[in-house]
């Protein structure tokens, strides 16, 4: 789960990392009020769940409260990569002497959390990584000990960061404590600023939370914003499916993430475009399949549905029952190509006999057929 | 022969009294697995399907010689259960549970690797099976026939489909290991390839990978340098968009890491043919076996 910059900064502040004073405004007048309270130059930043805010005009400086009102009204409502800006962070501008980068990510190769540190902050770190990988220092942290102050001091020196050594190292130690404390999967400070007065502050921050660990952070899971996701993704997640909205017109339902991914690939190979990824999971009963069909059929882009089931723990006849129920209730209104194999395959086929469902013996044939139906304008 | 398990492997079930634990204990017994004991904290002294239940892994291991443990404990306690098994000295720990907090796995995997005598498979995996000998997992045993091909996979259902296709084609499976779809797992492809390389029953190996991470690239490097047997690859999620998590927490393309292009290039470099479809896996294995 992605957090907004202001939420990330609040969390970092809880762990002792200095952040510039700032508050969220939902209207231009609120932005003006905050700016006049600070009585100083402010930065107004769009709070949207996407990158590239600066380039899209979502970050502006304002020297007076009136200017803050103006700039905020330009940013509020701005569409940044498909996300409409509904709130802005109005923060005191910092007097930048140096801009660095500090980030923690999960590294699958070392199977550890890796600290990345660079003198080249304030820019897109992925570009730095691609062009000058040597400009980023990487340090896998031992999970048994965490990041200790002496390690952090050595790393600050090694990366060539200039400024108060104790303060810089302290931020790194606190960043790791925050990462573990909130169960993040990414925690970045970019830029990590050394001010003209010698203070070290997190001028921007990004935190992504580990979805698997949200259950132990009820205060953080409340920060999830339904509007930041596709409404069908929210509905599917309430039903407990893994669902991802995609661009195409073939609705996909399958069991097991691997099989569903493979099904998307087959539809693509057959010249079609999947409308979604939907995994009903292991051991699904008829009602789960029914709800899956409900979600997929609500998507106006869907012209036909491919249901691909390999029965293991999931029984194919349960899937068939869900399909039939959805037909009887008038929910399933689009053409369906289906392929079932494995546990209770014969029972499923018997149940579906005479029903308006196109059955195919293999995934490949079913994929070709549904793509033909959808591309040919349906049947 | 086979890898990791055979008909004599004595298995412990952690979380045996839960819904999943009960169901799969029954299924494993049906598949011929020697399930000798179970553990559920607080339920020691009970019996399930005639199998004695203990409060701790240590007690169970002291009463029965235990070679392997399978874990059905819910996500919040799953990493702890794996550590309990590892510290009780059980050499093979199979972690089925999905949705385990990532940091729990980072800590548990580091601690278990430091013990240097325990092999962890998973989490979020279907387990492993040597057909007609021992199943420590949740796969439908009926689609697995004993044979010549070793199978390693990150997914569940794709594994079953591939196993069924290889079995129906008369090639069969020596041992199949589902390593799991999470970013941090106990054993990767490259950890298991040496075992198949040394197993006389295994004549070829199939690696069913998917997008995300770089385990396939590491596996390809191992194949190129050390593998004496033919290897065939498969990559799921080749049409997935960047930055979207496709069901498995590990199946996400971030930046330039985890792309299908990178994995295809690595396999090509190692001389590993990659199947576009599951049916094609069978054809490629057959061609490789005939050529060798």
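In case you wondered, yes, glycine gets a Cβ from its N, Cα and C as well.
No curator has checked TrEMBL annotations; they are predicted automatically.
When the candidates B:43, B:117, B:135 are compared with the CoA site entry in TrEMBL, which names B:17, B:18, B:19, B:20, B:96, B:97, B:98, the shared residue is B:43. Between the listed binding-site residues, namely B:20, B:43, B:160, the fewest other CB atoms within 10 angstroms of a CB are found at B:43. For the domain 'CoA-binding' (B:4-100), DSSP puts the residue distribution at 32 helix, 25 strand, 40 coil. Among the residues B:17, B:18, B:19, B:20, B:43, B:96, B:97, B:98 said to bind CoA, no two Cα atoms are farther apart than 23 Å.
Proximity to chain A (CB-CB distance below 8 Å) holds for none of the binding-site residues B:17, B:18, B:19, B:43, B:96, B:97.
Ranking the binding-site residues B:17, B:97 by how many other Cβ atoms lie within 10 angstroms of each Cβ puts B:17 at the bottom.
Cα spacing between residue B:96 (CoA binding site) and residue B:160 (substrate binding site): 16 Å, rounded to the nearest whole number.
Cα-Cα distance from residue B:18 (CoA binding site) to residue B:248 (active site, tele-phosphohistidine intermediate): 24 Å (rounded to the nearest whole number). Of all the binding-site residues listed (B:96, B:98), B:96 sits in the most crowded Cβ setting, with the most other Cβ atoms within 10 Å.
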